Each structure stands twice: as C-alpha cells, then as structure tokens.
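What TrEMBL says about this protein:
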type: DOMAIN; residues: 686-765; note: domain 'DYW'
type: REPEAT; residues: 156-190; note: repeat 'PPR'
type: REPEAT; residues: 257-291; note: repeat 'PPR'
type: REPEAT; residues: 358-392; note: repeat 'PPR'
type: REPEAT; residues: 459-493; note: repeat 'PPR'
type: REPEAT; residues: 596-630; note: repeat 'PPR'
Amino acid sequence: MYSITCQCSSVLSNSSPVVVANDKINNVRHANFAQIPSWVSLKSSHSSLKTNQNKNGQVENLHLISLTKQGKVREVHEFIERMDREGISINPQSYESLFKMCGTLRALSDGKLLHNRLKRMSNNNNFVDNCILQMYCDCKSFTTAEKFFDEMVDRDLFSWATIICAYTKEGHIDDAVRLLLRMLDLGIIPNSSIFSTLIMSFADPSMLDIAKQLHSQLIRIGFAADISIETLISNMYVKCGWLDGAEVALNKMTRKNAVACTGLMVGYTQAARHSDALLLFAKMINEGVELDEFVFSIVLKACAALGDLFTGRQIHSYCIKLGLESEVSVGTPLVDFYVKCTRFEAARRAFESIFEPNDFSWSALIAGYCQSGRFDMALEVFKTIRSKGVLLNSFIYTNIFQACSAVSDLISGSQIHADAIKKGLVAYLSGESAMITMYSKCGKVDNAHQAFSTIVKPDTVAWTAIICAHAYHGKASEALTLFKEMQRSGVRPNEVTFIGLLNACSHSGLVKEGKQFLDSMSDKYGVNPTIDHYNCMIDIYSRAGLLQEAHEMIRSLPFEPDVTSWKCLLGGSWSHQNLEIGMIAAENIFRLDPLDSATYVIMFNLCALAGKWDEAAQFRKMMAERNLRKEVSCSWIIVKGEVHRFVVGDRHHPQTEQIYSKLKELNLSFKRGEDCLLNDEDAVFDFTERKEQLLDHSERLAIAYGLICTTAETPILVFKNTRSCKDCHDFAKRVSIVTGRELVVRDAKRFHHISSGECSCSDYW
C-alpha cells in the first residue's frame, strides 16, 4: 500500500562522496566553524555528490528529522515539497518523526495531510501505521484513531497497546475495556503493559465491578501471579475503596513488597482504620518486608490519629535504630505525632533531629506551639524561619495568623500579612480566612473587612470569618447584611456560619431574628442545629430577660443540655437578678461541673443582693471546702510592640506610681466623684472598701497605662481574659468623656468600642 524507500548505506564510509567533497574544499580554515559547508553547499559542490544524494536521500532525511524535532512545521512542508521535486523518498524514520511532531503539537490537519500522502502509495508498513495511530491518539481524535485502527491490515500488540493506553490516559475507561474484551475475543493475549495501564486507571469506587472482572481475566490468563501485577491489583482495590479485596490480594502474594503493603496502609488511614494500619505494619516486620521511609511516615500518622503514644515511641526508637530519624520524610511525621499527642517538648526534640527540615517540618512545629498555647514561641519560630530563608507555605501563614490572633499582636500580624502578599501566598483561602480572624481579634474589624474584599471568590469559610468578625464586634446589622450577600453569591452557609449569626443576634438583642435563623437552618439551608446553636438561642433569650423562655427551651432540647446551656441561663439570671431561676441553673451546673468557681461567685452575689445572707454564706463555704478560687482577671495592652500585662492589684509594673496617680486623677475629674463608682452591689457591700478595690481592677490599670503611653489620636486597645464588670465598663465610658479618647476593650465575650461616653454594646452584653 505504501511505497517507502529505505536506504541503509552509510554516508560516513571511507568511499563516501562527502569525504571526497570535503577533501576538495580548498578554502577551509582552521577552527573556522562558520565556513563549514551546509548540506546544501555540500550537495552542490560536486556533481557526483548530487547524484548520490538523489539516489539515497540520507542527508535530506536527516535534515527533515532535525526540522521536525524543532517543531518547524512550515519549513517541514517546504522541505518535503523540495524533496518531492527532486525525487527523494521519505524513509520510515522520517515519517515517525513527522507524525510524532504532529501529535506533540496537536497538529491534526498536518497529520491528516501526511496520512493522505501515504494513502497514495501502494506498500504496507506496520511501523508507520503505528506512528499514524499514535498521532491520532495524541491529537485526541479518537474516532479517527479507532477507524484507522480497524482498517489496519497488520495490527500487532503495540497497535492494541497504543489505542487502549490512549483511551485510558484520557479517562475513556469504558472504551479501553471494550477494546480489551475485543482483543480477548480475538484470542490475542494482551501484554503486561496493557494490563498495567488499565489496572492503574481504576481509581474510583464506581469502577469496582469492572475492576473485579479485569482481575478475573488476569487469573484466567495467568498474569495474576506476576509480582508487579499483584501489587497493582492490591493498590487498585484500595483506590476503588474495597479494602477487604485489597487484603485478599495482598495475602495471596507469594512475596509481599513494601509498595503493596504501603498502598494498603494508606487505604487504612484514609478510611480511619488506623489500628489495621498498625497491625499490617507489625506483619510487615514479622515477614521481613523491607521498610522504607514512606512506610514509617504512614504508620506515624496512624499513631497520631489514635493518640497511641506507646506505639509511636516504639516506632520512633525503630527509626533511630535504622538511622531514619534525621530524614525529613520521617522526622516531620514524628513532629506531627508528638504534637497530636500533646508531647510538645518531644516534638521540638524530634524537629531538632531533622537534618534539613522543610516547610512542612516548620509548619508542624508552629502548629504544635499554637496547639499548646505557646503562641509567643510560634512567633519566635516564624522569625527564625524568615531569617533562614526557608520556603514558606500557606499552612505556616494560617498557623501564624492564629498565633497573632491569640496574643492580639496586630503589629506582627500586619507585617506577616505584607510578607504573605509579597510571596503570593495570601491567595489561599484558608490563610485569608485566618487573616480576617486575626484582624478582627486584634480589634481592627475594618481591616478584616478590607482583607475580605480582596478575595476574588470567597468560600464558605471566608464568608463565615467576616460574619463572625462583625458579630464579635457587636455589628449585628452588618453581619446580617453580609449573610444576605453570601446567599446572593450562591455560597452555602455551614454550622459555624449560623453560630456567628446567632451570636450577632445575642449581642444586639435580636430575639425574633435569632429564632428565625434557628428555625430555618434545617429546612431552608440543610444544616442540622447542634447543641451549640440551641445554646446560642438560650443565650439570646437569657440576655433579653426572657428567662422562662430560655428555661423552657432547655427542657425541650432534642439533646441532653450541657453545662453551657445552664451557664447561659445563669448569666441571664445574674443580669436580671432572678434568684429563683439562677438557683435552678446553678444546681444543674454543680451536677455537671462542680468545680466551676464562677458559678459559686455569681450565686453568692445573687443571694447577697436578695438579702439571703445564710444562702450566700453557704456558697462561700462550698468554695472553701472544694479549695476553689475566683478566676484571676488579667488585662493587657500592647504599646510599641511590647505587651504590658496587669492583674488585680498589680504593683509590679515599672510605672506603677504613674498608673495609680493617673487613676486618682481620673476619679477627681469625674463629675460625681466617688458616686461614679456606686452601683447596686454597693447597697450590700461596704462602699469604702469597694472603692479602693475598684481602683485595682486590671482593666483600669491597662487603660491608665494606655493614657500615659499613647498619643491622643490613637485608640486605646485593651484585652481582657474575663468578662468586663459593670464598674469597669462604666469607668471606660467616663474616661472617653473626660479625655476625649476612643477606647476598644476586648473581653471574653466580645469587643466594646467606646467613644464619647457611648459603647457599641449599648450596655447590652
């Protein structure tokens, strides 16, 4: 069918006209490569050379192959036309290169032109036919490819493998299997390459049935005993989600290898069957299977998931024995394992053993410090990373933003944000969401909103972060507006989104809106309410003084109420001075958490305010018997990057004298003098004593220090670990009037933005 000339004489033989021609060139100069003649000048330099080249065309074919390798399509066409005019044939190797070029460049039209050129010839050539078939497959013209395949006179195993593998590579598994079955029907036995390609393509549970059929064919033909095929079959079943089948395939192997065992171990860990992964690891050791670094990384992940410190330590010892502890692929999972087992010092030592830690190693260490609450250490590690020039990833930034949030370090957070932008890592949504939360918890909700606005396509986590940020700052209206925008953008809310919305309603007294959100979660949004959502609603009722409704909701919960449910009710009872319901809440809290000191303190105060001194004394006695103390209140302020912490009655600060002088100065400035400190509690307790105690409150100390050390135009930003008391809240409002300063106070519940005597909470917190 095709007429293809293939000459095998060497152009480099001693009698070659090329050598003769080169001998006759008189003007060749030493080392002047620019004057070396091209194949065209060689061809025209002597008539005998021209005659010989027309006869065998070897130089022309070599030049044609060179053009195809460079992808010069236009020059290739021009040169082929020139060869045709001179009667020089294209050899099979040139056709191979031509069709390969067309396939690589997806130049289907050029490939068809070459194919049509060959159709006009009369002789068949299987080698070139396979090149044509490969070209159509590379160009993804599968209809044409299969049509040509059907027309091929001399199909060999390579032909079958070409089209089956091409279908498999492009995900056309049904077509690949169809051709395999056709091959078997014709009595043609596929080679291992065809089977291997097909086996590796089965990577989804939906393909399990056809995978089983393929396995049965392999058994029938006799390929199933091949060690490489056995390994692929086991891994195929893992990818298809049939771990029991993978176990059977592995157990039937005459000689187990690390690849097959590791594949099944990965399957176990992905299916949360971590104990099975450890059992398989033990079996590998007993049967003498060679262990590599990847095996240890998988088994350490299983130990981390189980929190199995004992087994993990044994594996760590094994790694040391094999000299693998310093390898990053083993050392990093070791760090992660110890972090998840809350053995942070061991995690640090494991990290220090790694010869060349990578970004994931550093990320695991930072995550460990964050998880252990050692956020200052996490920030120190980050500084070390930057000084060493380590390549950073988005996980590191996510964790470090969390650390900045926890310590309210706005300066470091802003610098790290700029660094993330510079490195192009801020675009990762998990990092962006952490950044939004960081700005929010550092008191900069406007910066948080600005960061959110830079996200091209916010996901659920990003929307939730910005909604929670506004809720945390008491901006309920903005939070609800953002939720409407989220719905319009087509992003579905999750459980945390509704926690943020319900908290927004709670801090602003939006009882009706909160109830609507809770009632619509399941039916409208497909999110089932959890105990946390119901607790938010109980808190909404309690803050609004609807204590009977809150109590009724607790009694009708679809879950067993937890300690938070009753604490929400107790908080409302304290705010609205309802001793009866407060007593009910306290009894249930004592049942669930008898060591919660705050409950005893609240009940003592409630009883005292109601004049029930015997009951009040009883609560104080219970605290003493249980050796309980009221949680120490701590406030802090960051000035010029340095954190200044204060506790009640603190006199350890270097500027203690100035701080207390400032507090006394402020009290003298208040219009009502001492009366500004008077509230309901002072009707019960000795006011003279309380006056001195109130001056010592940590929040007031931090505010006074802020007034001393910050400029007048700078808002005073104070953080507190407990809920603000009414006295300090009123004090902050009066400071804003007397000094004209803006104050922002973050307590355990929310942010208070205070200016000109008004607070963003509207005294509702």
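Cβ atoms are placed via backbone N, Cα and C, with glycine included.
Averaged over the domain 'DYW' (686-765), the predicted model has a pLDDT of 84. Each residue of the repeat 'PPR' (358-392) gets a DSSP state, and the totals for helix, strand and coil are 27 helix, 0 strand, 8 coil.
Look at the repeat 'PPR' (596-630): DSSP puts its residues at 26 helix, 0 strand, 9 coil.
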